[in-house]
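Per TrEMBL, region 'Disordered' is recorded for 37-57, 694-728. The compositional bias 'Basic and acidic residues' feature in TrEMBL is assigned to 37-48. Marked as transmembrane segment by TrEMBL: 70-95, 107-127, 194-213, 233-252, 264-286, 311-329, 341-362, 382-412, 433-456, 462-483, 490-512, 518-536. Residues or ranges marked as domain 'K+ potassium transporter integral membrane' in TrEMBL: 74-558. The feature domain 'K+ potassium transporter C-terminal' is assigned by TrEMBL to 590-814. The compositional bias 'Low complexity' annotation in TrEMBL covers 696-724.
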Amino acid sequence: MQTLPPLSSSHIHIADDAVDRIPSVGTGAYAHQQRLEKPGLSRYSTEEKEVEEEEDGRDVRKKQTFRGKYLFWLAYQSIGVIYGDIGTSPLYVYSSTFSSEPSRDDLLGALSLIIWTLTLMVSVKYVTIVLRADDEGEGGTFAVYSLLSRYANIVRRDPREERGIKMERVKTNELSTGSKSARNFMERSAFMKALLKVVGVLGVSLVMSDGVLTPAQSVLGAIQGLEIVKSDISSSTIVGTTCAILICLFLIQPLGTSKIGSAFAPIVIIWLLFNLAFGIYNLVFFDHSVLKAFSPYFAGAYFVRNKTDGWRSLGGILLAFTGVEALFADLGAFTRRAIQLSWLCFGFPCLLLAYIGQAAYISQNKGAYSNPFFNSVPPGMFYPSLVVAILAAIVASQTMITATFQLLSQIIKLSYFPQIKMKHTSRIFHGQIYIPWVNWILMVGTICVTAAYSNTTKLGEAYGVCVILVTFITTCMVSLVALIIWRLHFLIVVAGFLVFGTLDGLYLSSALTKVPNGAWFTLCLAILLSSIFVLWRYGKENQWRAEGEDRISPRQLLTELPKDAEKDGDAPILRLSSSMGGAPVSRLRGVGIFFDKTGSPNGTPSVFIHFLQKFQAAPAVVVFFHIRPLSTPTVAPEDRFSVSRCFTRTSSKSTLQDFYRVTIRHGYADEVITSDLGLLIYENIRKFIIHDRGMSTAPTPSPESNNSTSEDSTSSSDPPTNAPFNISAESANTSKQQHVRQALASLQAAYDDQVVHIVGKEQMRIREVRGWGNVGGMSRKIVLAAFLWLRSNTGSKVANMNLDVEKLVEVGFVKLI
């Protein structure tokens, strides 16, 4: 009897920079990584359906939840990242709202608008309602679109990502009439599907465009504050200093959100506490009667009195909540409870008292509106507040930088942008992302904007439009969520939309007056980014459609004929199916590991299909190998590999001999493509063969075990009538052991010969357009040509694999799109 080779001690290496080599496309966080297996279901299963169910249960994204010290730690970090932008608004809101000395009634009206805007737009709308419209912990308008797509059939899925998405479509009879009508309209209207896609992408693009302006606006505004101390400081000095600070800010981004947030939080906390203390001081010593601005009457009277001028001034008041869109976009880096805790218990009261205190001071001091914060600073606190204000304004840039990373990771995950290198920066908080390429692009963009605009007055004309447009888009999309996911009554949703939609509409219409004066820049940038995202998605959908032609099962590709007893060898004869030509398939020496992009349990990798078509041959042992990245730092060793067999007839579970599927599940800190990959796959297939046949690792039972078995049999109290059954069972067991030995011997011989890694080199070409007068066809050709150009310039997947080039084979093939 053949002795089985011992298992090696090879293992998967853990590396902090693993994501540099294999980019992880998932951005959802896992609360706990659990194995959702059915009782008695082995990780090594020959049942394809069961394997698929097991893997689906384990790989669906789940959001992280934290309590206790981790919740407070996240809330602390969120202060340093999220509230830098909205927290520095007291520096310029009143000066941006009024162009001349305001009357007391106008001051109370503006204060009332600020109070109720912060209450309704931020605390009620975003913190209480919008933060609940998350997609497994991810936030932003695109996350809302992704959430809708899990409850309604409005988007085509990437075949590689289908197992990581939990579809939760509500039964039609459980929906109210309004919810049912809304969902039916979304699913049946091609225009609505396209509109939702464009609106979701536009929301992301607007935030990213704002991310270019915010660092320039906040840092430039902080450095311009030095003019208070040194009035003759030159413009070139201000711009140069601003650019130097911006470069330093972007250079520290690789440290990660957790470290940066923890370092910046004390600055923002001190800044907000200054605002809180100064507000209380001014309220006590100047004019406490401004507290009556809590009555919305003063806000309404402000519009009645000022009419068009009052409406135009909303463009300045909306600066009080700039950064609120980042509060939702940064949800993936923190959690809903952490953000709610930090805002309601700290940020909101500090900012309310800051604006109230400034109004109390302005009402008693003429000209104070022009620089409300520094003019209202208590005696002896000017220089400390100047230093803290400069630091807080610099920190404010972090809000949009982090939001840009989070949103782009969502865009990449749903195939609206090429796969680029991403880094998860924390093993504890899985949603915290850093994207090097985007970081450097943002740095160049903000420096160019700073140099071009040179002062905050010009930047202010371009600032704010993106913010309010995103909030309006969010209102519309969350209303759909409330209908078909939260299943609220139609009238409740309409009432909420009218309230928040009216507020958004007022601010948006006022902000749009800035478009000719500078806001056109951010809008054009957002449209450009949206076009790139939609173009890439259109190209990917055409690519999936073309690749779907190769999505066939092995039973449709190969037929296995009984072995010829007159010929040497035990392997059955393989032949291509009649639809593929019916030619016989010869067997090559060694183990062939075919990289499977989609990992479908019933499909065949395209590279294997084209390999068969070109060579009409298959390796002695064929492995369909799929890599499945998860959004956890690491995967437990016992859960990493999943092995199953390939089937020719699913009804009778007939298997292709020496054909296996291997899936490796890995976290973002696991390095899975290593030089010993072939050995790892061999070991796991070997364990699968042994486990699958119910045989222990010891191939030859010892004499003691034989005696023990005999004694057990002898001492059995079974009646003699069971003897034929026992003989039959023993015969079946002997047969199984023989099959195991043959399978192990075949695997060992192939592994000893050679191990070859075979990857596909897919080249995409555009189908010829019939008739040059076909405008639609030519437009399609131009768009697809742009997609292919982007695709060819986003790096090679093989270059990211740490494989031995001596054992690597690329099989080229062409797909028409």
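The backbone N, Cα and C atoms fix where each Cβ goes, and this holds for glycine too.
Proximity of the transmembrane segment (264-286) to the transmembrane segment (433-456) is not established, fewer than 3 Cβ-Cβ distances being under 8 Å for residue pairs spaced 6 or more apart. As a quick check, the transmembrane segment (382-412) and the transmembrane segment (341-362) miss the bar of 3 or more Cβ pairs under 8 A, pairs 6 or more apart, so the two do not touch. Per-stretch counts of Cβ pairs under 8 Å to the transmembrane segment (194-213) identify 518-536 as the leading one among 107-127, 233-252, 311-329, 341-362, 518-536. Cβ atoms under 8 Å from those of the transmembrane segment (490-512) belong to residues 117, 120-121, 125, 129, 176-179, 311-315, 317-318, 464-465, 467-469, 471-472, 475-476, 479, 482-483, 519 of the same chain, restricted to positions at least 6 beyond its ends.
Across the residues of the domain 'K+ potassium transporter C-terminal' (590-814), the predicted structure has a mean pLDDT of 74.
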